[in-house]
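What Swiss-Prot says about this protein:
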BINDING   ASP246, ASP257, GLU429  Mn(2+) 2 binding site
BINDING   ASP257, HIS345, GLU390, GLU429  Mn(2+) 1 binding site
Amino acid sequence: METLASLYNEHLSTLQQRTRDVLERHQLDALLIHSGELQRIFLDDRDYPFKVNAQFKAWVPVTQVPNCWLWVDGVNTPKLWFYSPVDYWHCVEPLPDSFWTKAIDIQPLVNANDIAQLLPVQRERVAYIGYAQQRAQALGFSAENINPKPVLDYLHFYRSYKTDYELACMREAQKTAVAGHNAAHEAFLSGMSEFDINLAYLMATGQRDTDVPYDNIVALNEHSAVLHYTTLQHQPPAEIRSFLIDAGAEYNGYAADLTRTYVAGSKNTADSKNDFAALIKDLNNEQLGLIKTLKCGVNYTEYNVQMHQRIAKLLRTHNLVTGISEEAMVEQGITCPFLPHGLGHPLGLQVHDTAGFMQDDKGAHLSAPSKYPYLRCTRILQPRMVLTIEPGLYFIESLLAPWRSGEFSQHFNWDLIETLKPYGGIRIEDNIVIHENRVENMTRDLKLA
């Protein structure tokens with residue numbers, strides 16, 4: 001098995017080749033990639049938690065240090081100015097010494113403002129990549145060379161194709177996230193509150209709330225019907241019926257994004273609890289069934305439609321919708337209030353990774369179908385793409401309400417829906433890798449139930 005260092009060197013060669021290509025295409029000499037800067041809270045003397053520029057951490061696994069700069073030209077050894085001030089107020093990161101550092105020319109940057117004197121004088125044909133545009137202007141970058149769209153389009157498009165190093169990092173992120181999910185499940189079974197379940201997850205993964213790749217969704221009962229629920233109640237509800245957790249982790253800047261849904265057990269199990277448990281089981285089977293059909297050369301949008309067909313089957317099988325064919329359910333949009341979000345999204349340096357709608361390296365955009373406006377990917381599946389597959393089935397009153405008085409109202413089993421609404425909803429999410437002749441399910445490979 002190749003070491004992470006050798007995988008990183010191959011990864012760096014790939015990035016260098018992409019850089020040569022994009023520089024030649026746009027008649028540039030180099031890219032100056034900024035890790036970012038701390039952002040001061042308005043009328044305060046504190047800063048918001050630092051979030052690194054994704055294009056920066058694509059090159060080096062430095063995710064917690066602002067004011068770093070990377071100069072790349074595709075030919076010479078990438079040069080990293082690493083921010084290392086003399087500071088007794090804050091902890092200062094030492095100059096890195098790790099598996100990747102021999103491949104990078106690392107220089108200390110003691111004062112953030114010194115970068116102006118350290119950069120090459122001639123930078124008229126250099127593009128700045130980062131979010132501190134005022135800083136770039138102060139360094140003399142012209143407006144057209146600050147985050148030029150054609151350059152970003154190119155870089156974003158090829159980020160969809162993960163190197164072996166990136167895949168190795170993402171598998172490690174999966175391991176951390178799975179450990180957290182198992183700990184959270186145990187906390188749920190012991191009757192803990194949402195707040196305490198989240199703490200159990202963070203403890204098991206060794207993360208703080210500011211470290212996770214996205215805000216953890218830890219939802220009990222009807223809170224599971226709020227797609228991005230992040231409130232975290234401090235007290236458990238009087239009756240715990242269900243639990244949805246959507247939480248991830250990072251490794252060297254690469255994300256995992258996993259979701260599971262569970263039903264609470266009890267000696268006197270209500271019929272509604274049995275119904276909800278059966279829905280979880282069957283949605284899990286449909287999710288796995290869809291994953292088995294994934295293959296190269298097919299647009300992700302097609303699988304989104306197929307998932308709605310599978311949702312229609314569940315609605316009919318569980319008598320949630322009756323007296324209408326599965327085909328008509330999909331055609332008339334009856335599945336949409338039950339599954340209002342898309343099948344999934346690209347995953348990588350960002351949770352909702354770039355280029356989900358991009359059809360080529362020049363930025364051609366293909367929007368989501370009007371019927372499924374929240375789908376986050378319209379790409380044709382190709383080897384080395386990493387995506388989430390996360391179908392759901394929810395009982396959301398604001399989405400169901402228009403159907404109560406609509407022409408198809410008689411087909412909805414409103415009594416059964418009312419009994420299931422207190423459980424909120426279901427989402428099951430795995431992270432998969434597209435290979436030439438197979439699909440790798442990184443999540444199930446780690447036995448996350």
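Cβ coordinates come from backbone N, Cα and C, glycine included.
All features noted in Swiss-Prot, drawn onto the structure.
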residue	record	Cβ contacts under 8 Å, 6 or more apart
ASP246	Mn(2+) 2 binding site	ASN216, ILE217, ASP257, LEU258, THR259, ARG427, GLU429
HIS345	Mn(2+) 1 binding site	VAL351, HIS352, ASP353, GLY356, ARG376, CYS377, LEU387, THR388
GLU390	Mn(2+) 1 binding site	THR259, HIS341, LEU343, GLY344, ARG427, ILE428, GLU429, ASP430
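In the three-state DSSP scheme, HIS345 (Mn(2+) 1 binding site) is classed as coil. Here the binding-site residues are ASP257, GLU429; the one with the fewest Cβ atoms within 10 Å of its Cβ is GLU429.
Apart from ASP257, HIS345, GLU390, GLU429, the Mn(2+) 1 site neighbourhood in this chain, defined by C-beta within 8 angstroms of the site C-beta centre, holds ASP246, LEU258, THR259, GLY344, LEU347, VAL351, LEU387, THR388, ILE389, ASP430, ASN431. Using the Cβ center of ASP246, ASP257, GLU429 for Mn(2+) 2, the list of other same-chain residues with Cβ within 8 Å runs, in sequence order, ILE217, ALA247, GLY248, LEU258, THR259, THR388, GLU390, ARG427.
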